[in-house]
Every structure is written in C-alpha cells, then in structure tokens.
C-alpha cells in the first residue's frame, strides 16, 4: 500500500494532535502590548468574548476602557477613540461593546477581570433601549455570552461566593447556557461545587484558538476610515460647534434630527415603526444593571456610568411619550447611585439637536459631551455634572 497519497492527511492529523497536546502557555505570549494597541477599536469577538486581550488591557495603565453596545462602532468623528488625544486626555480609549452587549453581557465580561479592577478607571454607557419588556433575549445571550469569560469569572479569587452565586442563578435563566449542572450546583451550594465551569482541556484549546485568532485577525475596525473632525488642540466648545455643523449637514432629509442615511432606510421599509416593547420601567434589565453596579463597587473599580437619552422628538412621534421615557431614565439613575455608582446623566438632552444621530445612538454633539466627561474622569478633574452614590 502506497502512503504517498495519504501523506497530507497524515501530516495534518499529526499537526492537529500536537496542537491539542501543547499547553496554552505556549500561545498566550502571542498576545502582547502591540496586540492590545492594535485592537483598541477592532470590536472583534477576540476582544469582546475573549480573555487574553482584556487580561493584558487591565495589566496596562495606558488605556481607558469604554464599555457599551452598538454606538461604539458607529462611524462618528467624535467617538472617544477618535476625538480623544494627547492634548485633551492622558490615556488612549479602548472600546468594548457591540450590538446586543447589554448589562449582563458586560457584567460577566467585567467580572471575568474582577481581581484586576481595583482602582481602575473606566466608563460604562447605558442605553435606554435595553430596558425592554423581556430584557436580554435568548438570541443575544447565545450570540454574545462567552464561555471563557464565565469560566474565568468563577476563578476570580477576590470575588465573593455570594456574587458568583447570583451570576449562576441569573445564567440559569437562559435555556442554552453551557454546563447547567455546574451552575445549578453553584447556585445551590457553592462550597460543594467541584471541578470548573469548563474542563481544563477545553479551556486549554479555547485559549490557544483565541491567541492565534488575536494574532492573525482579519477583520478591520469599523472606525478604520474615520478621521478627527477638529484640530488636535481644539477646545470642547470648538468641538461642539463643529459637531453641530456636521449633524446639521447630515440630517437635511427629515424633521427628527435623524441621520439621512438611516432615515432613508426607515422610508424604504414602508412599515410602521413599532417600539412598544421598549422603555419598560419593570424591565428585567434593571436587575442586570443592579448586579453589574454592585459587582463593580465590590471590585473597587472607579466606574463612570453614562446614561444616554433617546431621540425625544422621534419617540414622541411613534407614541412613546416623554413621561414614559422619563420614568425609565429616572430608574436607571437611581439604580446606579443607590447601589454605589456615580453617573453622568445625559437624559435631559433627549430633545437637544445633534445629541442622538438616529433614534437611539449617541452621535456628534452627544459624543463631545461624553468625551469631555471621560477626559475629566481620566485625569481626576472635578465633575460637577456627575451624580455621586448615596451610600
């Protein structure tokens, strides 16, 4: 029997077996300071669902993490990763968030770094459209939740057993969550829970794959082509003025202050816009926000929460009135401050032009307002606009 035709298969099989047997420590060195710098605005799954890049991020003092959701990937020249520079900030912004990254997704992501968070400064952007009738959907949970981050969260030595137990209980509410037996055991009796959330062998393979994908990432940053709209040493007032100019030029097709490109999509759909499931003051999302805030306080992180508004003119038009929105805004605010967080509340600006770029995404002038508070928070400057915790 001739082996030559089978050599490629045999070689591939041998390489695969060797890969399985090699320790993850041989690969983690692929993720270094340059990898972190290269991924500041990448918003890839290796950043958002992995642990290696975020491990390095929190070992460094060069970066200021900004957590949120889909607004972080919008091509706006006033996005903090574009607008903040050495003239107005003392650290580089690092973006973490994508569509579907709501409170629980971000809470687990942050909790997986719990032991590194003490004294670390970061901003967490809260979007009002998260607070729906159903909260985090099963679909978004399946797409955005990370097994390796859950596993690393349960390995955090300084995180209390009670906090971990609360996460186990919440995770069990999702039908497709991995390793329900482990979570059930931890939720019932943490001290008797053995093994780990994922096996050592599986963890080893996932970390190796993550390291390789981080090194050879092919996806381009959604902000790669975006350039600053003002000179590097522009004042905040100059930036706001320019933001208004750009916002005005980008919203000529409608009376709602919605970006022309997005307005065209609304017109083309020819369907009545229904958002009745949003702005629910009894949304389960509030419990996830409370868990996140309590986790960050227990970890000793210096978090600036930012509550952004919606487009008030548009939401009035589609039947979700100011009173309903204000009730949710107020509860977001109280959930943060009553649980030990400080908040920059922008929700009084939901009728201000060029703060929101479509229905819900912050843009233009809204970003500049936030950029200024982020820069102040970075540098430890006074922030009279920020409400402090009540306890």
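FYI, residue positions are counted from 1 along the chain as it appears here.
In case you wondered, yes, glycine gets a Cβ from its N, Cα and C as well.
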Annotated range (Swiss-Prot: transmembrane segment) out of 6-26, 27-47: 6-26
Reported mean pLDDT - the topological domain 'Cytoplasmic' (1-5): 57
